[in-house]
Protein chains: 2
Amino acid sequence: MNNTEKAWKAIGGGIAAPKGFYAAGVQAGIKYKDKYDVALIFSDVQAQAAGVYTRNIVKAHPLHLTQRHLKNGLARAIVVNSGNANACVGEFGDQAAFAMAEVAGMYLGIEPQDVLVASTGVIGVEMPLDRVLNGIRVASSELLDDVVKGIRGHKEMADEGAHRAALAIMTTDTTVKEYAYELPCSQGGVIHIGAIAKGSGMIHPNMGTMLGFLTTDADIPSADLQRILSEAVEESFNMVTVDGDMSTNDMALLLANGSSGITPEGEDRINFERMVKSMCIELAKEIARDGEGASKLMEVSVSGAKTMEDARKIARSICGSSLVKAALFGEDANWGRILTAAGYSGAEFNPDKVDVFLGELMVAQAGRGVMFSEERAKEILGFKEVHILLNLHDGEENATAWGCDLTHEYVTINGSYRT
Amino acid sequence: MNNTEKAWKAIGGGIAAPKGFYAAGVQAGIKYKDKYDVALIFSDVQAQAAGVYTRNIVKAHPLHLTQRHLKNGLARAIVVNSGNANACVGEFGDQAAFAMAEVAGMYLGIEPQDVLVASTGVIGVEMPLDRVLNGIRVASSELLDDVVKGIRGHKEMADEGAHRAALAIMTTDTTVKEYAYELPCSQGGVIHIGAIAKGSGMIHPNMGTMLGFLTTDADIPSADLQRILSEAVEESFNMVTVDGDMSTNDMALLLANGSSGITPEGEDRINFERMVKSMCIELAKEIARDGEGASKLMEVSVSGAKTMEDARKIARSICGSSLVKAALFGEDANWGRILTAAGYSGAEFNPDKVDVFLGELMVAQAGRGVMFSEERAKEILGFKEVHILLNLHDGEENATAWGCDLTHEYVTINGSYRT
């Protein structure tokens, strides 16, 4: 896929780039002053919707509500807060999540069951519900102003709301994760897709992995949307690990409102699905790159595996190894740790056949070290993006995972997050 | 078990405390000058033997040899080097491991197949075999001097060799892990057990976990010994995690030479098995306490689980969580991370029934936060040993795991281990 020319191109507008989508972000003072912390995403018509959630059996309260509201495959809005996870607080949490949906529905003039809810932040502390609901009120009002501009044909004037929504879902993120693409269709017309995400800590495979929200104006029924999203998540968010900790709150949502008037078919459909996957991978890489305390992005590609599941296990295991991560931070070409992490991944392979590369530099062949330039290795490990490649010479399957280095900064951030 | 009076008591002598066992450690200059790095453990008669090994499919060369030499359940010596793992170096590695056994056998006057070999250190670099073999020569000579003293009835004069052996297996360990117990038997006489271990980095469940060597003068056939060791390892070494990285080299060995003349039976047998387990737990805790960069020991006890496997999974998952470890370092009572790590452990439980305690302080009840004294929590988290307790209220099974905090020092150590 990386070798083929992409049929889509990047545009501005973020989550509100697709026709009929609007977004807002406000400062509700949930945990910090002067921090955007309530986001609202809205479609001016009913949208088909799909979701993927954390596999942690301890699930935050909004996840239960969102899963329930998504049963009919329809949604019109997503309301998100940062600064409080609304997790592990008992009945209050369920009531708070419901209040968020209800108040958003009221101000936006839609049914509460068409509102999806997500939260991120500290676990086990009751959220300051009055501030959250007030934030939703203000965000709704700003968003509806943008809808009016949209009706008057000036939707681009509302771009700022999308950006503020991207800011509002951030916690310890240091970069805004906001993207949009447009796909010209061979059947005529253009399909848009927009996305925002947050990541940083508690990032690990086997779930939605973080918060990721995608919107599109393509016309796709929710069952198809669910399959497309699930497949994309498998190769993107589920292949990212920052610290091995799987959160209680993670989810990825995809809303398709059909406002482009296009139901992509044939080649367009193939391109659309690729575009969704590409968007998810872009978000996933950005999340890894911006992992808590990270100074560089690690990309691990495993080829020649017997099964894709084996390739994925190995790629993720290497990305998750504290020792590999610390060696990356120290720019130490300790390939033995890479092979070791492959060895305990649970995947089947023959250690005596494995070649290991750092970038283009071979450091091990057939499971044992080769002479290589320490100087060149140090240079490669000093890059902001470090590529580690393993060829298992055992089959045809391959996979890629993303992670980051383990730094002093990670320890500092997580030694004092709650207080 | 912790509540019953122990039938054994701690004594000196370390690995050479049991009758007929001798040990030596020398400075062979394998990686560093002035560092003990070759250890030899020897029984003056044939011993029954048992072993447990890493489950990493990438196994160091000496593991293959030791597994082969242990097939007959017999051994007379263990030769160990630190400073080089003898892993992932191809045929040279197999030859080097064999040379170590052969040279030790030659100098000690025993068959090479009665010599077990272990290595620890950097992976993927050929060991300086001449220095290793010279070290074995010197160690053998010192050890045989001790045997002569032993024959003359002055074995206690040889204690220093056991201590040097304990020093010689250390890598980034900061404390010597050396213990001995004696068990007076109701059938008359005394059984001794001695042990040394090394741990520190690359410590994770599901294997021998580190290097651990145990000797005893009890008379027990190897098949029984294997069962006793395997069961003890399940509750000790396999319940320790420092960084989630499972090494290629880990093994635990137990040799029983019968020189006490006692085959423990009935109550004595029960006490003997408890003593082995207790010894392994003592070593495991010491390994966790001395984890790379660790400033404190974390002990996680899970009770009220449906199955023991669930209890173990949860206890290990909490000990392995980077976020829990960093919070421990920061003395932040972030119990949400504890519950989250339980949630992704793969164990089955009802999150809404879980109570969480820090020491005696309840911080969450029935899955949600309770009011607690932040001051008292901070005090408890400031101790050198922090106990975390979870009651799942879901059954009768329980388990305990050990780990340590994640510190800046861990990142520093592992950012520059190889070079």
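The backbone N, Cα and C atoms fix where each Cβ goes, glycine too.
Automatic, uncurated: that is what TrEMBL annotation is.
TrEMBL lists B:Thr171, B:Lys198, B:Thr209, B:Glu292, B:Asn414, B:Thr419 with the feature substrate binding site. The active site, nucleophile feature in TrEMBL is assigned to B:Thr209.
Shown here: features listed in TrEMBL, placed on the structure.
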residue: B:Thr171; record: substrate binding site; DSSP class: coil
residue: B:Lys198; record: substrate binding site; DSSP class: strand
residue: B:Glu292; record: substrate binding site; DSSP class: coil
residue: B:Asn414; record: substrate binding site; DSSP class: helix
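The local packing around B:Thr171 (substrate binding site), expressed as other Cβ atoms within 10 Å of its Cβ over all shown chains, amounts to 22. Neighbour count (other Cβ atoms within 10 Å of the Cβ, all protein chains): 28 for B:Glu292 (substrate binding site). With a threshold of 8 Å between Cβ atoms, the binding-site residues B:Thr171, B:Lys198, B:Glu292, B:Asn414 that neighbour chain A are B:Asn414. With a 10 A radius on its CB, B:Lys198 (substrate binding site) counts 27 other CB atoms from all the protein chains. The 10 Å shell around the Cβ of B:Asn414 (substrate binding site) contains 28 further Cβ atoms across the protein chains shown.
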